[in-house]
Amino acid sequence: MKCFRYYKDKCKTKRGSNSAPELQNQRKQKNLVLDRVTKSSDSFPSPRSIPELYREKEHNLRVFTFQELRDATNGFNRLLKIGEGGFGSVYKGTIRPPDGQVVAIKKLNRDGSQGHKEWLAEVQFLGVVNHPNLVKLLGYCCVDGERGMQRLLVYEFMPNMSLEDHLFNRALPILPWKTRLQIMLGVAQGLAYLHGGLEVQVIYRDFKSSNVLLDNNFQPKLSDFGLAREGPTGDRTHVSTAPVGTYGYAAPEYVELGRLTIHSDIWGFGVVLYEILTGRRALERNRPTGEQKLLVWVKQYPTDSKRFSMIIDPRLGKQYSVGAAREIAKLADSCLDKNPKDRPAISQVVQSLKQAIEYSEEPSTSKNMTSKSSQSKLIRKVK
Ligand SMILES: Nc1ncnc2c1ncn2[C@@H]1O[C@H](COP(=O)(O)OP(=O)(O)OP(=O)(O)O)[C@@H](O)[C@H]1O
Ligand SMILES: [Mg+2]
């Protein structure tokens, strides 16, 4: 699914830079001085910004030449193309020996400064973060030549496509119920790290099933950090920015008012929870009008109603308990609360998913999830 990408980002990245990561070294001193001046009014030490943290870790990333990446992909051969998104094309590549590593290479379509900005954000955020549920960036290539600019990103290769592929591509085997829950738990843990496990809070901003990549054991990793932003600091409650994201997944307060917070990520998480429950995409233009928007459609089948089971992915057959599915729907509904502050923190979501997986592991107890006591136990954790 393509992004709605209208870039009128009013809130300029104060400490960010429009230059390539390697060029930033030259500005290091100047920026550090500027940072200290900006922060001198603070009475307590402020957390360091992503660009500052990046400067400490940039040596971990390898700088590739364009030729190296051209060789790795046989000249960006279309037979090696594995995907295409709003940023550009993605290729499977093999770095020449002695390295020999299989990688995924994302090549920016040449489209000026916005592409560069996203590329730079991805290099800086992924250069700083480190978590088993976040895709690993190995390096990048940045060339400004006579024939225009080249911006590429080199990632660890994720061999098992995306959650979107496994949920919606009918040519692939059905994704089992428990695997769906485990994938959601994994990415929730990745989001929890972004929201609270770093010196600076990170808003991911583009949570959707196509950005959840899988390894051969269906362990998930979040990819695509081009839209990530640092969370609000000091007294600010949100980051103000013109909406950038993907239709069907973005939170209403973000779309309507440009208010971005970590709660916006929780909304996107709620949408994907409904995708795993129903096997339907957030937005499906080829369905009858009332069914095109997933969230509008599922509202007609409230979690406490008898009709609820009618929305569950028919491909799941009998491998789930309706009680457990109901709990997941309730969790999704809490993530989709209109009031951002009433949505659960991602740490609460992690707890609820762990519990749901526990129940799903024991067939006898999974049935018990319909019992009042187990239901309230799960919800208490969520609210
Ligand atoms: N590290 C990777 N390993 C393996 N495949 C990848 C990797 N990164 C991306 N891909 C593949 O490339 C596809 C396109 O990814 P990309 O992030 O460019 O676009 P998208 O997520 O579909 O759309 P958008 O640009 O709107 O986020 C992915 O769905 C996945 O199949
Ligand atoms: Mg993507």
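Each residue's number is its place along the chain shown, starting with 1.
Cβ coordinates come from backbone N, Cα and C, glycine included.
Any TrEMBL annotation is an automated prediction that lacks curation.
Per TrEMBL, the feature domain 'Protein kinase' maps to 76-357. For K107, the entry in TrEMBL reads ATP binding site. The region 'Disordered' annotation in TrEMBL covers 360-383. TrEMBL lists 362-377 with the feature compositional bias 'Polar residues'.
Its Cβ placed at the centre, K107 (ATP binding site) has 21 other Cβ atoms within 10 Å. Mean model confidence of the domain 'Protein kinase' (76-357) amounts to 93 (pLDDT, 0 to 100 scale).
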